[in-house]
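Heads up: the structure comes next, in structure tokens.
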């Protein structure tokens with residue numbers, strides 16, 4: 001007796017662009033689709049429809065998003081667009097009129113509904129067959145995960161359009177955040193990377209109201225959240241920390257080993273004049289004093305930051321002020337961007353002199369050379385010391401991992417020459433044998 005084979009599950013291709021916050025959005029959409037019986041495939045040719053999660057933070061990111069949308073249309077033909085650039089539906093359709101649907105950031109239900117319209121889910125789908133793990137679908141390696149604690153931002157930095165794309169701050173309930181963190185740890189995650197548009201503002205919008213986790217009260221506030229996360233027994237790393245005064249409360253937690261002594265805090269510039277034009281905190285002298293105090297409390301503290309050079313009105317004097325400030329601050333990990341005007345940003349309306357492109361490039365190169373010397377000198381101090389390393393990759397040559405001062409994708413690596421016996425997700429103590437401006441070399445102890 002012949003039997004009719006069951007129809008195949010509908011298949012979705014997915015391209016995720018932009019920052020870790022967008023990656024978390026992609027994970028949420030994929031989790032919902034997987035729960036409904038969709039298979040996620042890795043090639044355009046195998047997909048019944050392709051979803052592109054776009055980035056719209058700067059013009060180069062928009063250009064990349066439009067290029068990827070075009071590639072997906074060429075290779076597949078059925079394309080749904082979502083994410084930050086989705087707020088510019090007109091611009092997207094002007095370039096790619098054949099896209100099937102366009103939705104903005106955080107519009108998870110609309111994306112899933114758009115997929116339903118193009119490729120309906122199987123009517124006889126049995127959720128017990130296509131089980132989704134409790135932690136959901138993750139696009140990161142199994143041993144680390146991003147934990148998004150809020151959406152949106154209440155600031156009005158003149159170079160940024162995030163509030164217009166993602167709205168005002170909306171903090172997730174603290175119990176929900178901690179439940180997710182606990183599920184991730186139970187699934188094998190060894191490192192939680194706490195992210196949002198403005199991590200240190202967590203709870204401001206709900207006046208730090210008290211929530212509950214595991215039957216105990218917990219305030220919706222950054223310090224209390226970190227205290228609770230520290231009980232899970234994994235690395236907890238903080239990203240996108242705006243320099244509020246209450247950030248000082250986090251440093252003792254780092255000194256006590258409750259969370260990693262790693263602070264990702266974007267200063268953007270040091271010149272008071274430029275910071276004022278950016279609508280950023282302009283207390284560079286107090287910032288230096290705070291950094292000094294933080295390091296006195298927690299000597300192992302690693303500070304990562306990002307800066308913008310070539311902002312409208314930036315003079316050579318302003319730029320030199322920034323270089324001198326970097327010398328004083330002795331930051332560990334630093335990224336730098338040349339200012340790029342973004343459509344809709346308030347900075348476009350400032351009556352300030354535009355910095356020529358060749359001057360921007362020159363300042364960027366000087367900035368990077370200046371900071372590389374600082375970063376290299378600070379890493380040289382690690383030679384001979386023992387560090388704990390979380391392994392990311394292993395091959396016959398050895399292992400590649402990160403220690404507490406390395407976030408994935410953006411910071412350096414630790415190369416373990418005798419680490420071919422290890423596996424991703426292992427934690428191992430090593431002795432540092434060499435260093436350059438970004439990376440360390442070490443041997444297992």
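Just so it is clear, glycine is given a Cβ too, placed from its N, Cα and C backbone atoms.
Pulled from Swiss-Prot:
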DOMAIN    10-120  domain 'MTTase N-terminal'
BINDING   19, 55, 84  [4Fe-4S] cluster 1 binding site
DOMAIN    139-378  domain 'Radical SAM core'
BINDING   153, 157, 160  [4Fe-4S] cluster 2 binding site
DOMAIN    380-445  domain 'TRAM'
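Feature map: Swiss-Prot annotations on the structure.
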{"residue": "19", "record": "[4Fe-4S] cluster 1 binding site", "Cβ neighbours (10 Å)": "18"}
{"residue": "55", "record": "[4Fe-4S] cluster 1 binding site", "Cβ neighbours (10 Å)": "21"}
{"residue": "84", "record": "[4Fe-4S] cluster 1 binding site", "Cβ neighbours (10 Å)": "28"}
{"residue": "153", "record": "[4Fe-4S] cluster 2 binding site", "Cβ neighbours (10 Å)": "22"}
{"residue": "157", "record": "[4Fe-4S] cluster 2 binding site", "Cβ neighbours (10 Å)": "19"}
{"residue": "160", "record": "[4Fe-4S] cluster 2 binding site", "Cβ neighbours (10 Å)": "23"}
Checklist entry - Which state, by DSSP, holds residue 84 ([4Fe-4S] cluster 1 binding site): helix, strand or coil? => result helix
Checklist outcome for this item: Quick note, residue 19 ([4Fe-4S] cluster 1 binding site) and residue 160 ([4Fe-4S] cluster 2 binding site): C-alpha atoms separated, nearest Å, by 14
Checklist entry - What kind of secondary structure is residue 19 ([4Fe-4S] cluster 1 binding site) part of, going by DSSP in three states? => result coil
Next on the checklist: Beyond the listed site residues 19, 55, 84, identify every same-chain residue whose Cβ lies within 8 Å of the center of their Cβ atoms for the [4Fe-4S] cluster 1 site.
Outcome noted: 17, 18, 21, 22, 54, 56, 57, 61, 83, 85, 105
Checklist entry - At the Cα level, what's the spacing in Å between residue 55 ([4Fe-4S] cluster 1 binding site) and residue 160 ([4Fe-4S] cluster 2 binding site), rounded? => result 13
Checklist outcome for this item: Here the Cα-Cα span from residue 157 ([4Fe-4S] cluster 2 binding site) to residue 84 ([4Fe-4S] cluster 1 binding site), rounded to a whole number of angstrom, reaches 17
Checklist outcome for this item: When pLDDT is averaged across the domain 'MTTase N-terminal' (10-120), the result is 91
Next on the checklist: Please report the three-state DSSP label of residue 160 ([4Fe-4S] cluster 2 binding site).
Outcome noted: coil
Next on the checklist: Same chain, not part of 153, 157, 160: whose C-beta falls within 8 angstroms of the C-beta centre of the [4Fe-4S] cluster 2 site? Give them in sequence order.
Outcome noted: 155, 156, 159, 161, 162, 163, 197
Item to check | Pairwise CA distance, residue 153 ([4Fe-4S] cluster 2 binding site) versus residue 84 ([4Fe-4S] cluster 1 binding site), rounded so that it is a whole Å | outcome: 14
Next on the checklist: Through the lens of DSSP with three states only, how would you label residue 153 ([4Fe-4S] cluster 2 binding site)?
Outcome noted: coil
